[in-house]
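Step one of this worksheet: look at the structure below.
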Amino acid sequence: MDVYKITGGKPLRGSIKVSGAKNSAVALIPASILADSLVTIEGLPEISDVVTLQALLEDIGGKVEFNKGTMTIDPTEMMSMPLPNGNVKKLRASYYMMGAMLGRFKHAVIGLPGGCHLGPRPIDQHIKGFEALGAKVTNEHGAIYLRAEELRGAKIYLDVISVGATINIMLAAVLAKGRTTIENAAKEPEIIDVATLLSNMGAKIKGAGTNVIRIDGVEKLHGTKHTIIPDRIEAGTFMIMAAAAGDGVTIDNVIPFHVEALTAKLREMGVDIVEGEEQIFIPKSRNLQAVDVKTLVYPGFPTDLQQPFSVLLSQAAGPSVITDTVYSARFKHIDELTRMNADARVEGRSAILAGPTPLQAATVRASDLRAGAALVIAGLIADGVTEVQEIQHIERGYSSLIEKLQGIGADIRKVSISKEAIVGE
Ligand code: EPU
């Protein structure tokens, strides 16, 4: 069993580079199914979610090469093979195989997607969209069956603003007959990235990045080459680390506009932020002030940074309340932070923290991806050696985290320990 061992208190200094966006990657890779020739995607993060999606494409007959962040996908011999559990269960984004396979083959059988446990995560809006396009969707023995004679464009109003449903409906609609309109669509940069790839494959999409997206179906899509956008959540995680433990850190390969909600909150706390075109510099922070935060859909404060940000709030003077309006149960890290001496508690959809409290090293468990990132930040500022267990969650979403952090002076190592040493087992 691998764990991270972090010796806290080392000041972080220098430059750290952000990888390609995980939440784009997990949609761009399935989107390649819709093409009739080679699709090349450059700048992909080297994370286990990407490797799992590669395996899923291979499961349906795709020929895939993945080397140094560049994936080349030959979709010509893909077939609509059933994808039961196994790989599908390893990540939530396997739901994008539904939209892409439905779009290309008008037929798909896929196990229910897995992913982080953050409270209920239904996919009713995805299914509502597929049905509006003419698909029959049934749940049989734990797998979703999608079948359509043909897909026809439709007007779809999303009852909940959902990144996944917006992208999945785009994937299913690009080869449908006629016009599809998605109203109340999500506006995340990852949606624009997927629309850019699809447009370069020959799709007709207008309005990606606004709350109304119009798609005019085309007969076929061809291969293309695409460079992914930088990961705004990884960038945000590094910004929070720099504010918590930095002594002058430059975050490289970031689009400052994509992290504006975080930048605004950090400034409100008293953190200096110097924005360049593709860099953000954060000098050493002093006298952090408490703030209240509410997560919202983009361009609001991202739920994916709620857990890392709460660690910073434990170091700010005064009481802070952080409320997650997107996920009801994304607070499993709070128990672990209290084991490290944070003054924190959960009340409903909010975590209430009081600071500043010096953190003490402990053995803690990452319950999910961003909880893991939060515990790494806590370890970097805690007194002593923190052991973070269940790091497979972290490696689903952060590319070369150990090497990147070592590069700015962190004392963090990955070590193997025996199974008996795992907390609670
Ligand atoms: N929702 C529904 N019905 C649906 C879809 C969503 O009720 O059919 C609800 C969800 O339960 C949630 C909210 O709508 O309360 C937002 O869900 P959304 O569909 O936007 O989330 P997602 O597509 O499942 C993506 C990211 C998440 C990120 C959210 C919100 C991917 C693969 N995942 O999830 O990323 O938290 O958008 O921004 O893109 C992460 O990276 O750690 C992560 C969890």
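Even glycines carry a Cβ here, placed using N, Cα and C.
Values in this document were obtained by computation on a predicted structure and should not be read as measured data.
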Suppose a student reads TrEMBL and sees Arg121, Pro122, Ile123, Asp124, Gln125, Asp304, Val326 listed for UDP-N-acetyl-alpha-D-glucosamine. Which of Arg92, Arg267, Arg365 should they find annotated at that same site?
Arg92
Which one of these binding-site residues has the most other Cβ atoms within 10 Å of its own Cβ: Asp124, Asp304?
Asp304
Fewest other Cβ within 10 angstroms of its own Cβ, chosen from the binding-site residues Lys22, Arg121:
Arg121
Quick one: mean pLDDT on the domain 'Enolpyruvate transferase' (7-405)?
96
Neighbour-count leader, CB within 10 A, binding-site residues: Asn23, Gln125:
Asn23
